[in-house]
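Take a look at this one; I'll ask things after.
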């Protein structure tokens, strides 16, 4: 892609998110979300591959549906209450519609079906943008709306944790596994959103750090399915020894960083007398942990089989910048001892 065009599209991504961040009016927030969507669509379709075009079309249709729902709900709220302000959501019907529209935008279950298919059709760099940056603007709106119907968020959250864990069990494609991992982590964030928004924001930032580490690791290894992970030892042995730790951190095992948000979320749910919900969420984390361990086993504990059907890649040194990966992987693995300072930083 032309670098000037790439710079313009990345500027559009930043502009759309910034407009949504700074908005107190629903029309401005909707406009920011639309700019965001229109900026990423050319990035998704830049390879001109049929699968990429199909993924782009599915993404556009899903986002257009969510945007139409959001606009309809905001107009309904203005009609019922006479207010266009985001903080003036008083009627339960438009509030629930807006919550569902934002859930469709970020891919919460049961409105998640577009996300694995879309992520599978993209390259790893665009998939990283879709899994991280594109979540910021809808989450900003969810944090501001604070839905009056608490049951809606709890149902969306617990369904997402279960679907995200269950859906990734039989997958062999890494991008689909990352999509279901994203759905499960979003479910954890939504569960605690109404009780502790600052904890949701902390979980979102830690999820971004862990996901960035994993996407860049797979990009350096040029890996898109589990079979190609078995050749990682010969290409990047040091990186291959770190990636299982990143995967276990995503699974939420102590003493790694990913344990911190899960621990705090379970504690907060227990404080709110939601012990059964916390138990179901903790058990759903075991489902996700299974396919993280499966990837770790394929990468670190197996050798390349002789009858491997995939084409073996050339073992050339990677030209990828490794400093961002070093920073984020260190934060993914070693941030738990700094938990008091981290939680104090995100306490509002």
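Even glycines carry a Cβ here, placed using N, Cα and C.
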Give the range, chosen from 201-221, 306-326, 327-347, that TrEMBL lists as transmembrane segment.
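The range carrying the transmembrane segment annotation in TrEMBL is 201-221.
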In the same chain, who gets a Cβ under 8 Å from the transmembrane segment (233-254) while lying at least 6 residues past its ends?
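The answer is 181, 185, 210-211, 213-214, 217, 220-221, 261-263, 285, 288-289, 292-293, 295-296, 299-300, 303-304, 313, 315, 318, 325, 329, 332-333, 336.
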Using a cut-off of under 8 Å between C-beta atoms, tell me which stretch among 92-115, 151-170, 177-195, 274-293 contacts the transmembrane segment (60-80) the most.
92-115
What residues elsewhere in the chain lie close to the transmembrane segment (151-170), defined as a C-beta under 8 angstroms and at least 6 residues from its ends?
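Sequence-remote neighbours of the transmembrane segment (151-170) are 96, 99-100, 103, 108-110, 112, 116, 176-177, 180-194, 274, 277, 280-281, 284-288, 290-291.
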Using a Cβ cut-off of under 8 Å, list the residues of the same chain at least 6 residues beyond the transmembrane segment (274-293) that approach it.
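154, 157-158, 161-162, 164-166, 168-169, 171, 177, 180-181, 184, 187-188, 191, 247-248, 250-253, 262, 265-266.
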